[in-house]
Structure formats: C-alpha cells, structure tokens
Amino acid sequence: MKVKAPGRINIIGEHTDYNDGYVLPFAVNRYVFLSIEGSDRFIFHSENVNETVEMEKIEKLNKWTDYISGVIASFEKRGYRVSPVKISVSSNLPMGAGLSSSAALEVATAYAISEYFSFNVPKLELVKIAREAEVEFVGVRCGIMDQFTSAFGKKDHAIFLDTMTLEYEYVPLRLEGYEINLVDSNVKHELSSSEYNKRRQECEEVLKTLGKKSFREVTKEDLERLSGTLRKRAQHVLEENERVLKSVQALKEGDFETLGKLLFSSHESLRDLYEVSCEETDFIVDYLRGKEGILGARMVGGGFGGGVIVLSKKGAFGKIKEELVESYKKHFGIDLTFHEIESSDGVQKI
C-alpha cells in the first residue's frame with residue numbers, strides 16, 4: 001500500500017502555534033511518499049538517505065527513523081498492536097527549508113499504519129499521534145500546525161487554524177495573477193539543537209510571570225508588566241496573532257497588497273522581537289523589499305536559516321531571481337534554491 005503526505009508552508013502566524021495562537025498555512029505540492037508491507041521485523045528504508053535500518057523492536061536511534069518509530073510508539077501507547085512492517089520512504093520535499101518534511105513523514109506513517117492495519121483512526125487523532133511522535137519521541141517541542149496541515153490540506157485553500165481549540169476554516173487561496181515562491185537560504189538548522197526550545201521556555205516564562213494559563217489570556221496591557229526579552233517575545237506573539245486575522249480578511253477579499261505588507265511586518269517582528277531570523281534570511285527579505293511586483297516576504301519555519309516565502313505578482317519574481325542569486329552568492333558564498341509553491345490536498349492513498 002502506498003500513501004503520500006504533503007509538506008506545508010505557513011503564510012503567516014510564525015511561532016504562534018505552540019502559544020495557543022492562530023496560523024494560516026497551506027499544504028504544498030511536494031510530498032513524502034511511503035509504502036508499507038508486512039515483514040518479520042521492522043525495516044525502514046529511505047531512498048533519499050539511501051539507508052535501510054532493521055530492528056526487532058522500536059527504538060530511538062537519533063536519526064531519520066525516529067519519526068517513523070515515534071509514530072509506531074504513539075499507536076502502541078494507545079493500545080494498538082503494530083506488528084512488524086517494512087516501510088519505504090522517498091520525498092521531493094527539501095529538508096530544512098521550512099516546509100515541514102518531518103511532519104509529512106509522521107503523517108504519512110500514521111495514515112499508512114491506520115489504513116494498513118484497518119485501525120480506522122479519525123484524521124484528527126492521526127494528527128495528534130504524529131505530533132506526539134515529534135514531541136515525545138524525537139524531542140522537538142513543536143506545535144500542531146505542521147501535522148494538521150499535512151493531514152487536512154485542501155487544494156486552492158489555506159487553513160485558518162486556531163491552535164488552542166483546533167477549530168479551523170478553509171480560506172480560498174485564489175492566486176490568479178499572483179504567485180508564491182520559497183527561497184531556500186541553504187543555511188541549515190536542526191530545530192532540536194537550535195534556540196527553538198529556548199523560545200518555548202521564554203513564552204512559558206511570560207505566562208508564569210503574568211499568572212496566565214494561556215497566551216490567549218494575555219493582552220496588550222499585560223506587556224507593561226514585562227520587560228526586556230520576555231516583553232519582546234510576548235509582543236511578537238500578540239501582534240502576530242493580529243496579523244493572522246488581518247491576513248485571513250485580506251485573502252477573503254483577494255487583497256494581496258495588504259497581505260504582502262503583513263508578511264514584511266511579520267518578518268520584522270521575527271527579526272527584532274522574537275530574534276529567530278539570521279543574516280542570510282534578513283538579506284533575502286531586505287533585497288526583495290521595494291522591488292517591482294514583489295508584494296511581501298518573510299522567513300518561514302523555526303528560524304536560524306531555512307526559507308523565505310515570497311508573495312509577488314505573476315512573473316515579477318522571475319525577473320529579479322538572477323540578481324538575487326548573484327548578490328547572495330557574493331555576500332555569503334552560498335547558492336540559493338527556489339521552489340514555486342502551489343497548494344495541495346492532504347494525506348491520501350496513491
């Protein structure tokens with residue numbers, strides 16, 4: 001049996017998903033492909049890494065297999081019996097560019113196991129199983145957005161998701177005359193070892209200081225009670241949530257000019273208040289600002305490298321691509337990679 005699960009790009013709402021905030025992602029037309037069959041032991045094969053790993057029982061190896069093993073462990077924790085299987089994966093999702101290749105692998109695994117063993121697990125439960133694999137097994141304290149989008153994606157739509165209640169709404173993504181590109185800085189970050197978990201701790205510290213249970217209870221007035229780093233982190237989360245709401249409205253009205261401006265201000269906030277951008281992604285965003293037909297850009301993903309999402313009028317980005325490549329190479333000695341991004345449906349059998 002074969003399945004595919006898409007990666008995702010988040011239009012706006014960065015570092016809000018683990019703070020009970022709003023996000024606006026969509027599933028992209030790049031996938032993890034996975035096949036599953038019975039076996040006498042667990043065999044995991046990755047075409048991309050060109051490696052096969054065998055194990056008698058599920059164990060943590062601190063490598064790519066942990067995403068698969070973690071999902072199986074989550075099923076078993078819930079009382080499902082997963083007998084040994086051979087799982088083969090391949091992907092056309094770029095790693096580390098902010099498109100959530102890990103979540104796509106987890107969702108593909110969860111969906112394949114549920115279907116193969118006829119567990120008939122509801123989609124939302126599969127999302128929770130996939131996320132639990134990353135948080136508890138892999139050890140990255142991610143929010144739920146990535147797995148949710150890979151499972152619930154819908155072509156030609158973004159998902160306006162409230163990560164606190166998991167209520168969601170499909171918002172039409174009509175890009176006629178516009179395009180979305182991803183620029184990969186090719187500066188790689190591994191979330192586990194980066195500042196990501198530190199930002200989570202800082203946000204928990206904010207809540208502790210204010211005596212609140214959730215960021216949804218935090219108001220602009222509360223910022224006065226904070227200072228220094230904690231104030232900056234809280235201000236980003238509050239304002240980024242507002243930007244998501246404005247972006248949903250802009251998308252519904254087909255107002256891409258406003259959406260673009262919101263992307264630029266999101267990047268500034270991620271750079272100055274949340275402090276998760278880096279020299280390379282800042283350079284890309286600054287370079288694009290003010291160029292003809294470029295409506296907006298911001299870093300995407302956890303930060304410290306990765307990708308930049310670019311919203312532009314159709315064809316405008318292509319005209320300045322070469323200059324950007326040369327300029328970036330001159331500054332950093334690194335080549336850029338580009339991906340034109342289209343929306344996609346969520347996880348499915350193939």
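Keep in mind that glycine also has a Cβ here, set from the backbone N, Cα and C atoms.
Of the residues TYR170, TYR178, TYR196, Swiss-Prot places TYR196 in the same substrate site as GLU14, HIS15, THR16, ASP17. With respect to their backbone Cα atoms, SER100 (ATP binding site) and ARG8 (site 'Transition state stabilizer') stand 6 Å from each other.
Checking each of the recorded positions ARG8, GLU14, THR16 against SER102 (ATP binding site) by C-alpha distance, the shortest gap belongs to ARG8. Reported as a whole number, the C-alpha separation between ARG8 (site 'Transition state stabilizer') and LEU99 (ATP binding site) equals 5 Å. Cβ neighbours within 10 Å of ALA97 (ATP binding site), excluding its own Cβ and spanning all shown chains: 25. Most buried of the binding-site residues SER46, SER100, judged by other Cβ atoms within 10 Å, is SER100.
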